[in-house]
Amino acid sequence: MKAANASSAEAYRVLSRAFRFDNEDQKLWWHSTAPMFAKMLETANYTTPCQYQYLITYKECVIPSLGCYPTNSAPRWLSILTRYGTPFELSLNCSNSIVRYTFEPINQHTGTDKDPFNTHAIWESLQHLLPLEKSIDLEWFRHFKHDLTLNSEESAFLAHNDRLVGGTIRTQNKLALDLKDGRFALKTYIYPALKAVVTGKTIHELVFGSVRRLAVREPRILPPLNMLEEYIRSRGSKSTASPRLVSCDLTSPAKSRIKIYLLEQMVSLEAMEDLWTLGGRRRDASTLEGLSLVRELWDLIQLSPGLKSYPAPYLPLGVIPDERLPLMANFTLHQNDPVPEPQVYFTTFGMNDMAVADALTTFFERRGWSEMARTYETTLKSYYPHADHDKLNYLHAYISFSYRDRTPYLSVYLQSFETGDWAVANLSESKVKCQDAACQPTSLPPDLSKTGVYYSGLH
């Protein structure tokens, strides 16, 4: 039987025949990512009109904001979104079969004197998306953007004092779209690492200070904020967990949710249990039911335990990862609940992808998600049909898990670059000259020609 191939997805094939692109970079982005995107929508049983709508929106409103097409031979902006510095990632909520994607907007000024740390490109992307979704509200976005990202003067100062930045995360903001019922919900993710450098404040001080200022207008978020901060402080100065970023829904303040993300360097079941229960502060029946499923996932996935940290440099495209990364968790500050709601992340990047897929399939079967269990591995293979699947270890970046209203929610975050027939289509041999973005790198990739280490699908 012929193996499934994402490039055979009908919506991708039809639109590829119809589309014209403004430049070669946008064409390459489409053929690199759209096969997987189209296949994911198709397998998740989106209606045909919705498949076309979401793919057209992606082509018209998002691809122009992805910058030059990444290669190892040309400088580019390196995004924190993936270990390869690529600015786009698809994910799937397996519980509800909801497709999502995240991207870091990049434009022609990114990395130049006009915007050395990519502070402003996000506004251009928002202008493209605002007319398409009436529910978008930027009030909370403006608040966090002002408090947690660089202004023009701060950007100029750091650009002239680059030694202060060093290996600090340079990504400051990302956008994400949840695709449902022909519409999309827009979210933002804000990284205040550069703001911490220029202000001399810690990320903890910046994030919690900003949310507290917002609580003056929205006091209902104060109780869960206080509980979360008390938990973090109770772990002491030698804690292996620390705030990393904040996110919120770009909808009306009455409906929006704030999430504070913690990086947990200690990879262990005990550390994950501590995050899940907020050090024992959450002990209700629903929390304990969810905890049993966290333990089940831990046993199935088999993360490598120990103290982990993010390696400083990004991985050059094509290099097989040989690393294990820290855990992550976020805590939602609901306006009608004094207790923060946890979501934990199993960092599976660098693990054998077929073993991860087998673990997930078992979990799906136990939950009664029979269709997801039946199709998950086959669909995963279709995204990279020409790869040696038994050797892949870069597809699953994260697996997230939360539990609310006695219902489990699990999502997978997947490598979304050079998918489908890319490896055999010779598109990667095109001579790419970045036309729309300066794409200045945080560092230039090393010469890979001497390593001899590549994997099918990335070049």
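Residue positions begin at 1 at the first shown residue.
Quick reminder: no glycine exception, Cβ is built from N, Cα and C everywhere.
Annotated features, as they stand in Swiss-Prot:
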type    : residues                                                                       : note
BINDING : Ile80, Leu81, Glu89, Tyr191, Arg244                                            : L-tryptophan binding site
BINDING : Arg100, Lys187, Tyr189, Arg257, Lys259, Tyr261, Gln343, Tyr345, Tyr409, Tyr413 : dimethylallyl diphosphate binding site
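Between the C-alpha atoms of Gln343 (dimethylallyl diphosphate binding site) and Arg244 (L-tryptophan binding site), the distance comes to 14 Å. Here the candidates are the binding-site residues Ile80, Leu81, Glu89, Tyr191, Arg244, and by Cα distance the one nearest Tyr409 (dimethylallyl diphosphate binding site) turns out to be Glu89. Cβ neighbours of Leu81 (L-tryptophan binding site) (same chain, under 8 Å, six or more residues apart in sequence): Pro87, Phe88, Glu89, Thr102, Phe103, Glu104, Thr171, Lys174.
The sparsest Cβ neighbourhood within 10 Å, among the listed binding-site residues (Tyr189, Tyr191, Tyr409), is found at Tyr409.
For Ile80 (L-tryptophan binding site), the nearest of the binding-site residues Arg100, Tyr189, Lys259 in terms of C-alpha separation is Tyr189. A distance of 10 Å separates the Cα atom of Tyr189 (dimethylallyl diphosphate binding site) from that of Arg244 (L-tryptophan binding site). Of the recorded residues, Tyr191 (L-tryptophan binding site) and Arg100 (dimethylallyl diphosphate binding site) place their C-alpha atoms 20 Å from one another. The number of other CB atoms found within 10 A of the CB of Gln343 (dimethylallyl diphosphate binding site), across every protein chain shown, is 20. Arg100 (dimethylallyl diphosphate binding site): 20 other CB atoms within 10 A of its CB, across all protein chains.
Put simply, Arg244 (L-tryptophan binding site) is 22 Å from Arg100 (dimethylallyl diphosphate binding site) when counted between their Cα atoms.
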